[in-house]
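Following: one structure in structure tokens, then a few remarks.
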Amino acid sequence: MAVTLDKDAYYRRVKRLYSNWRKGEDEYASIDAIVVSVGVDEEIVYAKSTALQTWLFGYELTDTIMVFCDDKIIFMASKKKVEFLKQIANTKGNENANGAPAITLLVREKNESNKSSFDKMIDAIKESKSGKKIGVFSKDKFPGEFMKSWSDCLNKEGFDKVDISAVVAYTIAVKEDGELNLMKKAASITSEVFNKFFKERVMEIVDADEKVRHSKLAESVEKAIEEKKYLAGADPSTVEMCYPPIIQSGGNYNLKFSVVSDKNHMHFGAITCAMGIRFKSYCSNLVRTLMVDPTQEVQENYNFLLQLQEELLKELRHGVKICDVYNSVMDVVKKQKPELLNKITKNLGFGMGIEFREGSLVINSKNQYKLKKGMVFSINLGFSDLTNKEGKKPEEKTYALFIGDTVLVDEDGPATILTSVKKKVKNVGIFLKNEDDEEEEEEKDEAEDLLGRGSRAALLTERTRNEMTAEEKRRAHQKELAAQLNEEAKRRLTEQKGEQQIQKARKSNVSYKNPSLMPKEPHIREMKIYIDKKYETVIMPVFGIATPFHIATIKNISMSVEGDYTYLRINFYCPGSALGRNEGNIFPNPEATFVKEITYRASNMKAPGEQTVPALNLQNAFRIIKEVQKRYKTREAEEKEKEGIVKQDSLVINLNRSNPKLKDLYIRPNIAQKRMQGSLEAHVNGFRFTSVRGDKVDILYNNIKHALFQPCDGEMIIVLHFHLKNAVMFGKKRHTDVQFYTEVGEITTDLGKHQHMHDRDDLYAEQMEREMRHKLKTAFKNFIEKVEALTKEELEFEVPFRDLGFNGAPYRSTCLLQPTSSALVNATEWPPFVVTLDEVELIHFERVQFHLKNFDMVIVYKDYSKKVTMINAIPVASLDPIKEWLNSCDLKYTEGVQSLNWTKIMKTIVDDPEGFFEQGGWSFLEPEGEGSDAEDGDSESEIEDETFNPSEDDYEEEEEDSDEDYSSEAEESDYSKESLGSEEESGKDWDELEEEARKADRESRYEEEEEQSRSMSRKRKASVHSSGRGSNRGSRHSSAPPKKKRK
């Protein structure tokens, strides 16, 4: 494939070069032609000549001479390079419409016949303007015969040479959008390598107290850029280091980029690291100082350095002189810390682009160039030869601080930092515990174990008043959150007050709009039951009149044979009858008179002359009504699923074959009855899953609320889970949770297999599984990184924090619930569990009692019409970690010993929100003595007294009787398979009656104990968990009184 040249970019840039030359400013004013020659030298990394070539053509062209005259451009190169340059030479009239001069191409020969080509170029120089002065890059000297002969030819003619390095650098310093994108990418790769490799490696070295040489660590950083996981999706062949990484510590510091990492061992003090990565010829730079146990003075100096960088960023604006930027920073040093004036670096940074360091754009006191929008600088500030007064060893006494970033000059406001690596003390400081502190802690622990509570109480008395325990800090923060919670809820309800709720239009079930549309069948005339399948109507004789009933009005039917007769009983829906969860209110006029049931009787005996028995009509009617009813309910269910579905944009397919793609994945929920494998591919605006049989599921990026990546650590599957903003339809159902997963290892274990701990097959299988896990994790991570790069990080995948996870039962089975940065999730079990933290109003812990091993967690949403979420059976050991996590997320939590009837509580709030907040709002959940209206605690007793001990039956009743439609989309209802038979209630069975008797006995025993302890409990000090009303009713899991307190 031929190498292509970006013609538009070439014409744009050569026009800019000529435009600046013709303006005649600075060195441009005196030159008649520009001569640029590039030879072959592997040791030269940065040169103006090669930078100009890369800027114009996108590539370096060795052994090439470029002569820019006033009215023409001449390129002399090898035959292959001339073919490449023909892409810009062969234009209409050999001159670009933008006014770029015509191009002449000369082929370089390998023998001495180049003289004629040299003469042509010399003649062109002489004809350009005055033909005496030529602009050259005086520092660029390339070896080789070709370069020497050309240099001799120029010297022979006696042209005056003017160094134009600075003015050309200023011309190409302003970056176009394409160049800025490359520099941003280079900066992001540098940040990735620093964060994910270097910083982590230094932490490991410090933690393990390893001895590692600076040079070895620098080499490992260079090797890291060969691994794709640190390159943010970039091709490794396009990435290289700008210079070998510079790592310094232990008193030997030189804050320049020309030094090399020495072979000394890393000292755990101030560790400076400078690294720069080049992406597609464009450079970036990053400098950070990692500090191990910094003293207060070191931290103060470091914070002052950050302050200076902020000042520098503010001054880097379009139109400001570079020397003014430098002077303003120096003024801050003189005013605030003049003793550091001789310690600061001589310059504060330099321009950067294709060349790492642009010598003419150094930020110092002498540079008169003005900054322009689109310029990119590497800003580097540091203090060297600082003295650590607390240092004892020679390497501890002297330290240096050095920070640097790649920044972009904007038109207004401070410069934009492209290397987004955090640099505050808390981010770069590594704080270790002293051995003495650790010994003291161990001694305290031992003392507690030996002496028990007496010693603990003695140690607690030593605490000063200013010290606060974690629990006290949490409580203080929770009080602040409680005040904010009620205020925000009031404001939110006030805003929503004016919003009208859209009432759903009821579907009309009129079979025939007028009598003429009724069918004229013999069955109807013969006063038999007839089913009109087309209009889904049952026509029955009522008082001798054929009366149509739509299938939607029929609740159920039953048929029975008694003696010589067959009975067909038809039950209808009517006001007052129990409706199923999915039926809703289907009566447009509930005040009308309704038929509740009709029973028909027919003889089983054949009359003389009749071919069939009369009961055959009832038998056929029973069968056909069942069929029509089933078809109608199935269709209604499908229509209900489609209700409220937001129409999605069409997926824009990316025809590029290098799209991020994952193969051999399963989808949940299944598209068909049987699970099928397929592939997930990222396109321009969304994902497409294609199964092996061709089914397609599209998920758009803008419809994804949470994108979760659940690694396979400790799990049997590896999952990509998408929680959607609006439901999507596939498999005839709507889904707000879609996930793609693959299994890791064997889900089942052969228990009959003979196992031995040293069995080679087992060891090999374990090794294979480990490798498979690693391979899958790498594949998924690469996919995620590519997708994030493709979407410009608009879509970010969250990884659950397994360390913060806790067990609970949000549905029927217990699973591990794990927080992410914005949600609480479980993606490995099905149905999945996802709660968005931004939508949560507060969390309430129920059944928190000393003698119970677990408790329940209730999640109340900001949308009060939404059903609360219950997580049952959470181990008590998880209570404090959950509180700590919720507190860190600024979420209000409360706790109590009782189980509350949340359906009634939420209905009370929705019916009268103003009254609810006037009575103190959510403070009724606070334990006695802590709520803001504790003294008026009895005023809310109406709500609090609605407590009960929930059993499975209670939860079912809540769901049935709820006025709100709380049905979750994750739940799969099987109402299409509901029995259509008689709904006669059956009596309670023996097990239920025995259970009720046991409960009655237990409650009577508790009431006796309660009477004895009530007088004592009033005298005790009120604590978080003491509640007179709930003490006997909440303790349904234990018959024994509490024996010990939980810490």
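In case you wondered, yes, glycine gets a Cβ from its N, Cα and C as well.
The N-acetylalanine annotation in Swiss-Prot covers Ala2.
The N6-acetyllysine annotation in Swiss-Prot covers Lys139 (among others), and the record cites similarity to another entry as its basis. In sequence order, Ala47, Lys48, Asp163, Ser165 are the residues near Lys139 (N6-acetyllysine), counting only same-chain partners six or more apart with C-beta under 8 A.
In this chain, none of the residues that are 6 or more apart from Lys223 (N6-acetyllysine) has a CB less than 8 Å from its CB. In the three-state DSSP classification, Lys223 (N6-acetyllysine) falls within a helix. Taken from Swiss-Prot, the feature N6-acetyllysine covers Lys223 (among others), and the record attributes it to similarity to another entry.
Taken from Swiss-Prot, the feature coiled coil covers 465-507, and the record attributes it to sequence analysis. Here the coiled coil (465-507) returns a mean pLDDT of 71 for the predicted model.
The N6-acetyllysine annotation in Swiss-Prot covers Lys513 (among others). Counting only same-chain residues at least 6 apart in sequence, none has a Cβ under 8 Å from the Cβ of Lys513 (N6-acetyllysine). The DSSP secondary structure for Lys513 (N6-acetyllysine) is coil.
What Swiss-Prot lists as phosphoserine is Ser650 (among others). If you take the C-beta of Ser650 (phosphoserine) and look for same-chain residues 6 or more apart in sequence within under 8 angstroms, you find none. Classification of Ser650 (phosphoserine) by DSSP places it in coil, neither helical nor stranded.
The phosphoserine annotation in Swiss-Prot covers Ser658 (among others) and rests on similarity to another entry. Sequence-distant neighbours of Ser658 (phosphoserine): no residue of the same chain at least 6 apart has a C-beta under 8 Å from its C-beta. Ser658 (phosphoserine) falls within neither a helix nor a strand when secondary structure is assigned with DSSP, and so counts as coil.
The annotation N6-acetyllysine is assigned in Swiss-Prot to Lys786 (among others) on the grounds of similarity to another entry. Cβ contacts within 10 Å of Lys786 (N6-acetyllysine), excluding its own Cβ and spanning all protein chains shown: 18.
Marked as N6-acetyllysine by Swiss-Prot on the basis of similarity to another entry: Lys904 (among others). For the recorded site, Lys904 (N6-acetyllysine), the DSSP three-state label reads helix. Every protein chain shown contributes to the tally, and the Cβ of Lys904 (N6-acetyllysine) ends up with 16 other Cβ atoms within 10 Å.
The phosphoserine feature in Swiss-Prot is assigned to Ser979 (among others); the stated evidence is similarity to another entry.
Look at Swiss-Prot and you will find Ser982 (among others) tagged as phosphoserine, backed by similarity to another entry.
Taken from Swiss-Prot, the feature compositional bias 'Basic and acidic residues' covers 985-1005.
Look at Swiss-Prot and you will find Ser986 (among others) tagged as phosphoserine, backed by similarity to another entry.
As annotated by Swiss-Prot, phosphoserine applies to Ser1015 (among others), with the evidence given as similarity to another entry.
Annotation comment: Swiss-Prot describes 1024-1039 as compositional bias 'Low complexity'.
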For the C-alpha pair, I'd like the distance in angstrom between Lys904 (N6-acetyllysine) and Lys786 (N6-acetyllysine), rounded off. 49
